[in-house]
Amino acid sequence: MNLIETDKLTKRYGSKLALDGVSLELKPGRPVALVGPNGAGKTTLMSLLCGYIRQDSGEMRILGHTPGHAALLGKVSALPQDALLDPNFTVIEQLGFFARLQGFGPKDAQHEALRVLELVDLKDSAKSKPGALSHGMAKRVAIAQSLIGTPKLVLLDEPTAGLDPANARAIRDLIASTSGDTTFMISSHNLEELERLCDTVLYLDKGKLSQSLSLSSLDAKRSVAEAHLTLSLHSEARADLQPRLSSLPGVTHVKAQASGREFILSYAPKPTGHDTYELELALFRLLAQEGISYRQVLNGKSLEDKLFS
Amino acid sequence: MNSQTITQGAPQALHHTWLIARQEVIKGFFNRRGIIALLAFVLVWGLILFYPIKQAASYLADPAIREGLASLSAVASPRKLLSWEIPELALFWVISLYWFPLFAILSSADQFATDKSRKTFRFLVQRTGREPLFFGRVLGQMLLQSSYILVAGAATLLLILFRDPALIPAALRDCVLVLLNLFIVITPYIALMAVLSLYASSARQATMLAVLVWCVISIVSALLGYYQPTLPSLDWLLPGSQIDLLVDNTPSGALIHAPLPVVQSAVLLLAGLFYMKRIAL
């Protein structure tokens with residue numbers, strides 16, 4: 001059964017078309033990234049899937065049910081963008097209340113609330129009221145509430161926006177470790193983060209689903225006509241580096257970017273079993289000969305380059 | 001378009017309604033705003049009980065004064081009210097008929113508004129349907145308002161006990177009917193504020209909308225009455241339109257007017273539920 005299925009999903013806000021006939025099918029599994037520029041319709045799509053708003057036309061199903069259906073209660077949860085907890089209750093009171101609504105008994109609800117707070121390292125703030133939390137802490141509490149119970153799908157709208165790097169990393173680790181039973185759909189502008197976490201990338205632009213990429217299979221790379229290596233340097237390269245990269249075995253094209261600090265090498269991959277790393281070895285020999293310090297060699301293109309080049 | 005209405009099983013929906021109502025009552029009594037409202041309520045009712053009710057009741061307990069008041073004017077005299085066995089309850093009744101609706105408007109203006117603008121409901125609708133959310137909030141307000149009425153009624157009974165303990169059995173019997181009537185009277189106010197609070201973005205805006213509703217309907221009703229006197233009055237559309245008929249009445253006689261607020265409440269709650277199911281949260 002598909003996890004999410006939409007067919008010609010359309011939503012307008014007045015005269016503005018926020019979503020324009022979005023059709024997609026997603027299976028349960030590794031996290032799914034939802035990317036796109038501001039105003040592309042990411043939050044609208046998430047809000048529709050959560051049942052916060054109603055579509056103008058089109059169909060959508062989550063685990064075979066329309067969003068908001070009773071069968072989905074507790075199975076679909078979300079980190080809604082900009083939503084705030086009730087300032088009148090402590091964090092533990094609210095999370096406990098949410099757990100009660102999800103069917104936990106009074107004591108189990110408290111334990112569950114503490115469990116999810118521990119996941120985001122906020123057990124010590126359980127008795128704080130939301131007003132006493134920093135922006136980052138409030139975001140982590142909101143992420144914690146989305147993990148109550150055993151949701152099948154968790155929709156996270158900008159989960160690490162506003163978090164310090166250490167906590168952003170902790171949230172990424174948490175998502176990665178929870179991904180077994182739960183499928184996450186993550187909306188973010190942080191492509192590097194999404195690239196690390198996600199298997200599938202959905203690119204929305206002007207309300208339309210313009211691209212759907214799979215990042216999963218390295219083997220798939222070998223079967224395509226053209227593959228890529230991305231070389232990042234610590235400093236700007238000399239002018240003669242680009243032609244020398246072009247002369248490496250199998251390289252068909254070299255694109256310089258980031259003011260000469262990054263090169264994308266396009267090449268014709270060899271079938272599996274042959275001298276698969278010939279190009280990489282040649283590249284490292286060249287860098288060693290020229291005394292060039294590199295920062296990263298990426299097998300393929302970065303998500304940013306995949307989406308925008 | 002697919003319906004996004006949650007159709008939960010009845011037991012689960014009822015359980016959720018109760019959990020949400022209980023949370024609302026806890027918030028009403030224990031948060032800062034609730035405690036301030038409670039303190040204001042106790043202070044105002046303390047003053048009402050010790051001055052107008054206690055003082056006036058001591059005069060009205062005198063049969064000669066009652067007869068004198070009843071004979072003042074055959075038309076304007078509140079004959080039924082003066083026939084009440086316990087004057088404290090009669091005065092409590094008159095004051096409550098105007099006080100509690102006003103209090104209900106003010107204190108139930110934020111059933112939904114702030115949480116909607118804060119998007120707090122987004123955390124809840126992942127876990128419960130919109131129906132339990134709507135009815136849970138309304139039920140919570142009803143429980144809160146009922147407890148206020150009960151407290152005021154109990155304080156009045158104490159006042160009667162101190163004056164004449166022999167009156168307590170009769171006072172208890174009448175008090176039950178008075179409280180039941182008051183509960184029926186305030187229900188459509190809570191229902192109307194639920195609808196307005198769903199539309200408004202703050203409690204203050206909901207209160208302003210309530211003022212607007214009363215003004216507009218009253219003006220339209222007056223204009224229609226002037227230009228089309230044959231048409232029935234529209235006043236009955238407004239919660240509390242029967243209150244003037246209740247003032248000079250007996251506790252049991254007032255129940256005759258109960259169907260109007262009950263129907264008003266049912267219609268307003270259905271309208272609120274219809275709206276709740278359609279709004280963006």
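Cβ atoms here come from the backbone N, Cα and C positions, even for glycine.
Annotations in TrEMBL come from automatic prediction, not curation.
Sequence annotations record features per position, and here TrEMBL assigns transmembrane segment to B:35-53 (among others).
Marked as transmembrane segment by TrEMBL: B:90-113 (among others). Beyond the ends of the transmembrane segment (B:90-113), by six or more residues, the same chain brings 24, 28, 37, 41, 44, 48, 52-53, 56-57, 60, 81-82, 84, 121, 137-138, 141, 144-145, 148-149, 152-153, 156, 178, 181-182, 185-186, 189-190, 193-194, 196-198, 200-207, 210, 239-240, 243, 246-247, 251 to within a C-beta distance below 8 angstroms of the stretch.
As annotated by TrEMBL, transmembrane segment applies to B:134-162 (among others).
Sequence-distant neighbours of the transmembrane segment (B:177-199) (same chain, 6+ residues past either end, Cβ-Cβ under 8 Å): 89, 92-93, 96-97, 100-101, 104-105, 108-113, 116, 134, 137-138, 141-142, 145-146, 149-150, 153, 206, 209-210, 213, 239-240, 242-243, 246, 251-252, 254-255, 258, 261-262, 264-265, 268-269, 271-272, 275-276, 279. The feature transmembrane segment is assigned by TrEMBL to B:177-199 (among others).
The transmembrane segment annotation in TrEMBL covers B:206-227 (among others).
The transmembrane segment annotation in TrEMBL covers B:254-276 (among others).
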Spatial neighbours of the transmembrane segment (B:206-227) far in sequence, C-beta under 8 Å, 6+ residues away: 105-106, 109-110, 113, 192-193, 196-197, 199-200, 233-235, 237-238
